[in-house]
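In what follows, a structure is listed as structure tokens, so that the remarks can point back to it.
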Amino acid sequence: MNNRETLKTNEKGHLEIGGCDAVELVEKFGTPLYVMDEQYIRDMCRVYRTAIEKSYGGNGLVLYASKAFSCMAVYKIAEQENIGVDVVSGGELYTAVKAGFPADKIYMHGNNKLRSELEYALGCGVGTIVVDAYSELDMLDLMAAEKGITQDILLRINPGVEAHTHHFIQTAKTDSKFGFAIADGTAEKITKAALQKKNLKLRGYHCHIGSQIFEKESFRLAVDKMMAFMAQMKERYGFAADKLNLGGGYGIWYTDDDAKISAAEYARYLEAVIEEIKAKAKEYGLEEPFLLIEPGRSVVGEAGVTLYTVGAIKEIPGVKKYVAVDGGMFDNPRYALYQAKYTAVLANRMEDAACETVSVAGKCCESGDIVCADVRLPKANTGDILAVLSTGAYNYSMASNYNRNLIPPVVLVKDGRAEYIVKPQTYDDVVRNDVLPDYLK
């Protein structure tokens with residue numbers, strides 16, 4: 001398993017998460033069940049915040065990337081840990097506001113923000129909007145004028161750094177849908193256009209090179225390209241950017257093919273970035289910018305465990321063995337999207353040795369509904385509790401009602417306490433917005 005103290009095998013031979021026995025969690029809350037470790041989330045918020053305080057004199061702000069996992073409770077935790085958040089939709093913004101999160105510490109992203117979303121953001125007093133289209137720049141300027149305000153913005157820049165990760169989660173390649181590319185001159189053109197807007201205040205730039213990245217060099221290269229671009233904009237237009245948002249992308253442990261990164265190592269990732277910023281600021285004669293980072297997966301990913309009950313077991317002799325569970329792609333579509341790999345264990349039999357390779361299948365009417373492919377497990381029996389680890393990011397947030405299955409509830413655990421932070425759905429919830437026209441009755 002991964003290397004944290006709050007995930008372990010207890011004296012009963014059961015998986016324990018945040019001081020809670022997984023078998024007892026299932027007895028109380030049922031399955032499928034998302035379990036989130038509160039202490040781990042708080043610890044990771046503090047790792048990044050403390051690194052900025054110690055290595056950069058506090059000249060920065062951690063923004064939790066809430067697309068990884070969004071609900072009111074996680075926004076409240078972020079507020080209590082004195083960090084900001086980034087949101088990418090009106091729904092995420094609404095959830096943050098509903099939780100009482102301070103709007104001035106919210107950064108709003110999106111490559112195609114709707115007018116209604118921008119109206120809501122301006123009405124809420126969102127601190128900064130990250131602009132990612134010419135049409136958005138023009139629309140936002142007019143909307144700010146109508147409200148009689150000056151809105152702080154950043155521009156999303158594509159530095160052209162191809163991080164070593166799955167191509168679906170690379171976000172700074174030349175052909176990415178995100179950002180204005182430095183290489184083709186559009187980043188400079190949008191900067192010039194933004195500086196001419198009377199109701200927008202350009203504060204700086206944002207970039208994000210991808211997700212699930214383990215090597216520091218990609219982050220250093222992004223810093224180099226962004227700082228060089230900032231120096232050019234100062235020289236050509238007299239614009240001294242005072243904010244630099246480097247996004248997130250720090251990798252986490254899913255399987256033993258991945259590095260097990262300690263809290264100290266995450267801090268060193270950020271410290272290496274800060275050292276590069278300082279060096280480049282000195283080289284180019286720039287003021288050190290206010291630094292923003294957007295960790296999401298690394299804050300909540302390893303905090304999450306999904307619990308399932310084993311149902312049907314089917315073996316195709318000489319080909320494959322399937323262990324089916326009561327969840328599937330409706331609660332975790334990541335295998336179907338990009339063949340994501342996970343570690344699975346039998347939570348009620350943690351001390352039993354793995355003895356066979358199986359694929360954990362979901363219950364959806366879809367041949368691609370696989371939760372974990374080719375994982376090592378003890379011989380599973382119907383009724384066993386199967387736990388999939390590191391499911392805190394992009395599982396609940398990507399869940400759906402496919403096949404009209406119910407999205408599982410989320411339980412927050414800490415020091416042996418377990419409470420709902422997202423309640424179970426019911427079949428009434430699934431049909432709540434259905435309408436039967438009179439002519440069909």
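Heads up, the Cβ atoms here are built off N, Cα and C, so glycines get one too.
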Co-listed substrate-binding residue [TrEMBL; alongside R297, R334, Y338, E366] among Y254, Y266, Y394, Y396: Y394
Further binder of pyridoxal 5'-phosphate named by TrEMBL next to E294, P295, G296, R297, Y394, taken from the candidates G249, G328, G362: G249
Neighbouring recorded positions, C-alpha within 10 angstroms of K67 (N6-(pyridoxal phosphate)lysine) - of G296, R297, C365, E366, Y394: G296, R297, Y394
Recorded positions near Y394 (pyridoxal 5'-phosphate binding site), in sequence order, restricted to R334, Y338, C365, E366 and a 10 Å Cα cut-off: R334
Candidate nearest C365 (active site, proton donor) in space, where candidates are the binding-site residues E294, P295, G296, R297 and distance is Cα-Cα: R297
Cβ neighbour count (within 10 Å, all chains shown) around K67 (N6-(pyridoxal phosphate)lysine): 20
CB-centroid shell, 8 A cutoff, pyridoxal 5'-phosphate site G249, E294, P295, G296, R297, Y394, site residues removed: A65, K67, A68, S211, G248, Y250, S298, V299, G301, A393
Recorded pyridoxal 5'-phosphate binding residues, G249, E294, P295, G296, R297, Y394 - maximal Cα separation rounded to whole Å: 15
